[in-house]
Amino acid sequence: MKRPLGITVHRQIMDSQSLHNEATGELSGLLTELIVAAKTISAEVNMAGLADALGVSGKTNIQGEEVQKLDEFSNNTIKRRMAQSGYICVMTSEEEDGIIPVQEGCEGKYTLAFDPLDGSSNIDVNVSIGTIFSIHRRISSSGQGDIDDLLQPGNELVAAGYMIYGSSTMLVYSTGEGVHGFTLDPSVGEFFLSHESIRVPEESKYFSVNEGNYNYWKPEMRSYVDYLKTIDEASGRPYSARYIGSLVADFHRNLIVGGIFLYPCDSKNPEKPYGKLRLLYEASPMAFLAEQAGGLALTDDGTRILDIKPTTLHERVPLVIGSRKEVERAEQFLNG
Ligand code: AHM
Ligand code: MG
């Protein structure tokens, strides 16, 4: 049943909690705390040009990338709020090398992996960026969590989602019962249900990939993109290209209107043979959302993203994600 607009995200979270007799309210509490962090980040992002929040912080992260001031602000906002929330036992962030402990005495039963501000190259130029999160149940029994609590495959996710700071701020998340989207009404500071039970269209005529890497790709990948651009009007080609350069924004677009996003293996940097995107807090949560919305997420060798068990916190993985039939078609080119 379609519900009227005006449903707050808190109402939705409580409704979904009530479907589970065993629920203790901790996941609801965790999501609520994350939403507060997201509103804080959203407010800062919206004021960025006025509040001396743009530019680099002068630091370099574990990935060897320059840390922007807003990256640092977002990381600290989530880290500090969640460390004392009482709902998680350990965290990991794109911006930090090792695991992030929680405050002593505040250990809870979940874990949190997050990319505090995805789309770093777009921060200073007013293009959509976002926060990505994934939540697992801890494996260890009590006390502070450890790295094994975090190194779990996507098929064990309890919840995942993102906030996109775009023409409006949206929260899109799933607890395994479909994907729902909420839009922030800044005048009341509340997220309202705007996109109920999102389904990604099965087919599409859009593709999103950094074609600047074309000559670093494998021949199969080049053939696939050549095919998408070949004129064959009866088959609806050429496809249209849409590449924003923020995973959150590219994924969100494809989720709503259909499309395929690829960040495949390339030979650009021998130290990064598996492309650029990180499994734990980029590919895996997006794969969870894609599948929950009826889409598909595979690597460029055809492995299901959700079945990959991470071996390190920051490992990278090639990603082919989006409309089901488009991903299947891409796989035919990539793997025969
Ligand atoms: P970031 O997490 O440091 O922002 O890097 C990840 C971003 C993704 O949002 C995006 O899909 C990708 O990098 C774009 O990379 P490229 O500039 O190589 O196309
Ligand atoms: Mg990122």
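Cβ coordinates are placed from backbone N, Cα and C, and glycine is handled just like the others.
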Let me know which member of Asn75, Asn76, Asn155, Asn210 TrEMBL also records as binding substrate at the site of Asp118, Gly119, Ser120, Ser121, Tyr243, Lys276.
Asn210
For the Mg(2+) 1 site that TrEMBL describes with Asp115, Leu117, which of these is also annotated: Glu72, Glu94, Glu156?
Glu94
Binding-site annotation, TrEMBL, Mg(2+) 2: partner of Asp115, Asp118 in Glu233, Glu271, Glu282, Glu291:
Glu282
Over the domain 'Fructose-1-6-bisphosphatase class I N-terminal' (7-196), work out the mean pLDDT and round it to an integer.
93
Compare the C-alpha of Glu282 (Mg(2+) 2 binding site) with the C-alpha of each of the binding-site residues Glu94, Asp115, Gly119, and give the closest one.
Asp115
Enumerate the residues of the same chain, Asp115, Asp118, Glu282 excluded, that satisfy the criterion Cβ within 8 A of the mean position of the Cβ atoms of the recorded Mg(2+) 2 site; list them in sequence order.
Glu94, Phe114, Gly119, Gly130, Thr131, Ile132, Leu247, Val248, Leu277, Arg278, Tyr281
Asp115, Glu282 as binding-site residues, winner by CB count within 10 A:
Asp115
Indicate the candidate from Glu94, Asp118 with the smallest number of other Cβ atoms within 10 Å of its Cβ, considering only these binding-site residues.
Glu94
For ligand 1, which among the binding-site residues Leu117, Asp118, Asn210, Tyr243, Lys276 have a CB under 6 Å from it?
Asp118, Asn210, Lys276
